[in-house]
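Take a look at the structure below.
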């Protein structure tokens, strides 16, 4: 009799665990998928604008801002804004652990469009890497926690000012400043991780603030005005500063490195740091059992494996191996891009 009760209790607990997504989580899922489609396409449109602007002015990768006068870049920016608005709304309905991993879809879109439009070839193992990223993301989504019920933006502020998250925020800001002022001037043109690192670190803070603003707007529309609280406007200022920083260094990364490599690396670092920030601030894992947490970590490992494949095969092409050929002194493209959009070191800089 006791064993039957234990069996019934165990079955009931599993049913409760996988009882399905709430209506809010489903809304967040749909919005996140739409966001990924727009953002994935925006990478390609923006890079087309960056390359066009670089042909007639100073490239963004070396500190120029001529892309601000290029209409095509603004089209890409508008597309990204639409995607970010959808992403913004998604965070108001669902936890970051559910919303953020769905950015894997933007990797597939940007990689396919880069192959078709930008002629940036993706190796067969790169395609496998994209698939691994998607599988890992789906694994995380299927085990994501339900959204935490919050009644006021002041409650979010209290979570953000707890010692654990304050320590994380201080660490992010310090690391970003060290990268920007010490490492980027020396290694920004040759090491992709520095540009992407700044974008991802700052991005994790922006997502937490975006989620706070989204919750405030959702509560305001439901009749509980949150615009009267100074915390709402403090989160808004943080979002503005973080997004400006992200866009600046993401433009530099796109202008300097292959889009098919920038997108997945940015996705993995941004997703990992955002989920870490969410776990610290909103305590997402406190509402999950060890099995779900371990499964989510396995999803992370799968995503990292996919990214490793993409990064290691970025210079490889399908077909029989060919003998190495010495590059001419000057590349055919005036903007300094060789085949597949990978930047080549200029001979003049080597002399100096």
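Just so it is clear, glycine is given a Cβ too, placed from its N, Cα and C backbone atoms.
Note that the coordinates shown come from a computational prediction; the quantities given were computed from them, not determined experimentally.
Per TrEMBL, the feature compositional bias 'Basic and acidic residues' maps to 343-352.
Summarising the annotation, TrEMBL assigns region 'Disordered' to 321-352.
Sequence annotations record features per position, and here TrEMBL assigns transmembrane segment to 26-45 (among others).
Outside the transmembrane segment (65-82) by six or more residues, the chain places 38-39, 41-50, 52-54, 56-59, 251, 255 with a CB less than 8 A from a CB of the stretch. For 65-82 (among others), the entry in TrEMBL reads transmembrane segment.
Residues or ranges marked as transmembrane segment in TrEMBL: 88-118 (among others). Note on the transmembrane segment (88-118): residues 24-25, 27-29, 31-33, 35-37, 39-41, 43-44, 47-48, 126-127, 130, 133-134, 136-137, 140-141, 144-148, 207-208, 210-211, 213-215, 217-218, 258-260, 263-264, 267, 270-271, 274-275, 277-279, 282, 284, 296, 299, 303, 341 of its chain, located 6 or more positions outside it, place their CB under 8 angstroms from a CB of the stretch.
Within the chain, the transmembrane segment (125-145) has long-range Cβ neighbours (under 8 A, six or more residues past its boundaries) at 25, 29, 94-95, 97-98, 101-105, 107-108, 111, 260, 264, 267-268, 284-285, 287-288, 292, 295-296, 298-310, 312-314, 316. Per TrEMBL, the feature transmembrane segment maps to 125-145 (among others).
Per TrEMBL, the feature transmembrane segment maps to 165-185 (among others).
The transmembrane segment annotation in TrEMBL covers 192-216 (among others). Within the same chain, residues 87-89, 91-93, 96, 100, 150, 153, 156-157, 160, 169, 172-173, 175-176, 179-180, 183-184, 226-227, 229, 231-232, 235-236, 238-239, 242-243, 245-246, 249-250, 252-253, 256-257, 261-262, 265-266, 269-270, 272-274, 276-278, 281 sit at least 6 positions outside the transmembrane segment (192-216) and bring their C-beta atoms closer than 8 Å to a C-beta of that stretch.
Taken from TrEMBL, the feature transmembrane segment covers 228-249 (among others). Residues of the same chain lying 6 or more positions beyond the ends of the transmembrane segment (228-249) and with a Cβ under 8 Å from any Cβ of it are 152-154, 156-157, 176, 195, 198-199, 202-203, 205-206, 209-210, 212-213, 216.
Long-range contacts of the transmembrane segment (261-281) within the same chain: residues 40, 43, 95-97, 100-101, 103-104, 106-107, 110-111, 129-130, 133, 159-160, 162, 164-165, 168, 172, 192-193, 196-197, 199-201, 203-205, 207-208, 211, 250, 253-254, 300, 303-304, 306-307, 310-311, 314, each at least 6 residues beyond the stretch ends and with a Cβ under 8 Å from a Cβ of the stretch. Among the features that TrEMBL reports, transmembrane segment is placed at 261-281 (among others).
Only residues 6 or more beyond the boundaries of the transmembrane segment (293-310), in the same chain, are considered here, and those with a CB under 8 A from a CB of the stretch are 97, 101, 104, 125-126, 128-140, 142-144, 260-261, 264-265, 267-268, 271-272, 285. As annotated by TrEMBL, transmembrane segment applies to 293-310 (among others).
The list of residues near the transmembrane segment (26-45) in space but at least 6 beyond its ends in sequence, with Cβ under 8 angstroms from a Cβ of it, reads 72-73, 75-77, 79-80, 82-84, 86-87, 89-94, 98-99, 102-110, 113-114, 117-118, 141, 147, 254, 259, 262-263. Beyond the transmembrane segment (165-185), the same-chain residues lying 6 or more positions past its ends with a Cβ under 8 Å from any Cβ of the stretch are 159, 194-195, 197-198, 201-202, 204-205, 245, 273, 276-277, 280-281.
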